[in-house]
Amino acid sequence: MSVPFDPESEDVELVQARSIDIDAKSTSSCEKHASCEKKPRREKHARRDEHASQADLDGDPEGPPLHFDPPGTGDDVRLVASPRDESGDLDHSEKLSRCQQLIDYQFKDQELLRYALTHASGASHRLASNERLEFLGDSILGFVICSWLYEEYPEYNEGDLTKIKSAVVSRRTCGKVACQIGLDECLIVGRGVTRNRSYPRSLVSDVFESIVAALYLDGGHDVVRDRLKTWLKGEVEMAVTSQGATNYKSTLQQRAQRDIACTPMYRLKREMGPDHRKSFLISAVINGSEYTAAWGTNKKEAEQKAAANALAEMNGDPLPYPLPDDPN
C-alpha cells in the first residue's frame, strides 16, 4: 500500500512496501532525490511569501516606495503606494496634489486628472483608466512639437523636421521626461504591478501623454504648449544638434542667419558626364562671399558637401571635400 505524497509537508518520508526489500543503494538514491525535491519547494514558498508581503503595499501607507529601472532607459522610476482612508478605500488625493505641484497647474476638473494618472491595472474598468487620454495626448504632443519645430527652424526641410520630431515624441523620451518631472511618483497602479516589482515598458511614457491631454482639455492649447516647451526644450535641442551633425546645409543656414542675417545661396559651377552618370560642381555663397565648391553625384549631395566646405572655411578647418582633379 502506498502513502499519498503531500507536497506541502516539510517532512517528506519515503514509504516502502513491506513485501519488497530495497537495497541500500536504491534507498540512498531515493533519499537524495527527495532532498532535491524539497529544496526548490521551500524556495518557492519563500518567494511566494515575499510577493505576498509586496501585495499588501498598496494598503500600507508606511510601506517603502518601490524603485524600478525600466529596460533600456537607465532612468530611476519611483512607484509610490497610496494610503487608505478611514473606510479602507485607497486615497489618491495626495498623488493628485503632488502632480499639480510638479506640473505647476491646478486642475479645475480633479476627476480628469485622476483619470490621467490611473493605469488600467488600477482602474475599476478600462474606461476609468488613462488609455483614452493617452490616445488624445499622443496627437496633441505631436501637433505641438510639429508647430514648434516649424516656427523655430524655418531652414529645415520636411525630412529633417520629421526625424527631429520622431526623436522628441518617442516613448523613450516621454518616459525619461516623465521621470524627470516626477510623474512616476503620482501614478495610480494596481497591486499586480507592485506585487511583481515590474511594469510595462510603456507605463511611464503613457502617463506623460495622458497628462498632456488632460492639460489641453482643462486648460487649453497655451497651457500645454508652454509646459511642453519647458519640459522638452533640452530634448529638442539635442535632436536638432544630432540632425545638424549630418545636415550641413541646415547648420550653415542657421549660422549665417544668426551671425549676418543672411541666407546661403548655392551656385552651380559645372556639370559633367553622361546623363546616366552626371556629376555637379556647386559652391555656397553667403552675402557675396563664395566658398570652395564641391562635387556630387546629384545636386543635393553637391550642396551638402559645399555647405560642409563653407563651414570648414569659416572655422579655419581643413576642407572635408577638397576639389579633385577629376571628379569621376
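All residue numbers here begin at 1 and follow the chain in the order shown.
Cβ coordinates are placed from backbone N, Cα and C, and glycine is handled just like the others.
Cross-referencing Glu131, Glu134, Glu271, Glu290 against the Mg(2+) binding annotation in TrEMBL, which names Asp206, Glu209, picks out Glu134. Reported as a whole number, the C-alpha separation between Glu209 (active site) and Asp138 (active site) equals 6 Å. Note: the CA-CA distance between Asp138 (active site) and Asp206 (Mg(2+) binding site) rounds to 9 Å. Other Cβ atoms within 10 Å of the Cβ of Glu134 (Mg(2+) binding site) number 20 in total over all chains. Apart from the site residues Glu134, Asp206, Glu209, the chain places the Cβ of Asn130, Glu131, Leu133, Phe135, Gly137, Asp138, Cys174, Ser202, Ser205, Val207, Phe208, Ser210, Ala213 no farther than 8 Å from the centroid of the site's Cβ atoms, the recorded Mg(2+) location.
The helix, strand and coil residue counts that DSSP assigns across the domain 'RNase III' (96-220) are 93 helix, 2 strand, 30 coil. When the domain 'DRBM' (247-316) is classified with DSSP, helix, strand and coil residues number 33 helix, 21 strand, 16 coil. Annotation for the recorded positions Asp138, Asp206, Glu209: lowest Cβ count within 10 Å of the residue's own Cβ, Asp138.
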